[in-house]
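These features come from Swiss-Prot:
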type	residues	note
BINDING	12, 13, 14, 15, 16, 17, 52, 115, 116, 117, 118, 175, 176	ATP binding site
BINDING	16, 52, 115	Mg(2+) binding site
ACT_SITE	37	active site
BINDING	41	substrate binding site
């Protein structure tokens, strides 16, 4: 079984959009997947669930429950450590790691996706960040970058930090969902040349799950090291 942690260069860069399309591609190809969202914030307009959790469940056509994919959720769409302190909730790396391991050890899966909250160094508390969880799990990362002004710096900084701690970058996805952005290809090419990592997928505004089928197959291939 392959395990992939999905992070963004920032919040609102399309992580959940990418996650749901990967889920749909896996379902279409009969690839057994589970996508976890251990920490979520921001309540949906349509239910009591957090919006990201709701979208993941919808992508699976509700064959999983919220408790099966999410451990900690907050209705306010703010940084997790802020609302956690306000709510007196402890976001423990050990508890998150245990939640994740419990989920995949009980299932026969081809791939486990773990969708993060925001960027690599999103704080869980004043003493721990999301990166601490990734390092504890020691699993590869898929990085989602929304192509816009500033994305080159954000993407390169994230890749450099992953490399510095010997965390494998399984791939990075260019989310090109804003048709008003100029020089999209030039920005992608710059990231590729400076980082040394080829863009795994360039996703347009009208992409659907079919655009993710090849990527989903690559992610579970034996050639990809965990």
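Any Cβ shown, glycine's included, is placed from N, Cα and C.
Local packing around the Cβ, expressed as the count of other Cβ atoms within 10 angstroms, is greatest for 115 among the binding-site residues 12, 52, 115. The residue listed as 'active site' sits 5 Å from residue 115 (Mg(2+) binding site), taking the CA atoms of both as reference points. For residue 115 (Mg(2+) binding site), the nearest neighbour among the listed binding-site residues (12, 14, 16, 41, 176), judged by C-alpha distance, is 16. Rounded to a whole number, the C-alpha distance linking residue 12 (ATP binding site) with residue 41 (substrate binding site) is 12 angstrom. Between the alpha carbons (Cα) of residue 118 (ATP binding site) and the residue listed as 'substrate binding site' lies a span of roughly 10 Å. Rounded to a whole number, the C-alpha distance linking residue 16 (ATP binding site) with the residue listed as 'substrate binding site' is 12 angstrom. Residue 14 (ATP binding site) sits 15 Å from residue 41 (substrate binding site), taking the CA atoms of both as reference points. Neighbour counts of Cβ atoms within 10 Å were compared for the recorded positions 37, 41, 176, and the top value is held by 37. Most Cβ neighbours within 10 Å, among the binding-site residues 14, 116, 118: 116 holds that distinction in the structure as shown. In sequence order, the binding-site residues near residue 41 (substrate binding site) (Cα within 10 Å of its Cα) are 52, drawn from 52, 116, 176.
Cβ atoms within 8 Å of the centroid of the Cβ atoms of 16, 52, 115 (the Mg(2+) site) belong to the same-chain residues 6, 15, 19, 20, 35, 37, 40, 53, 55, 56, site residues excluded.
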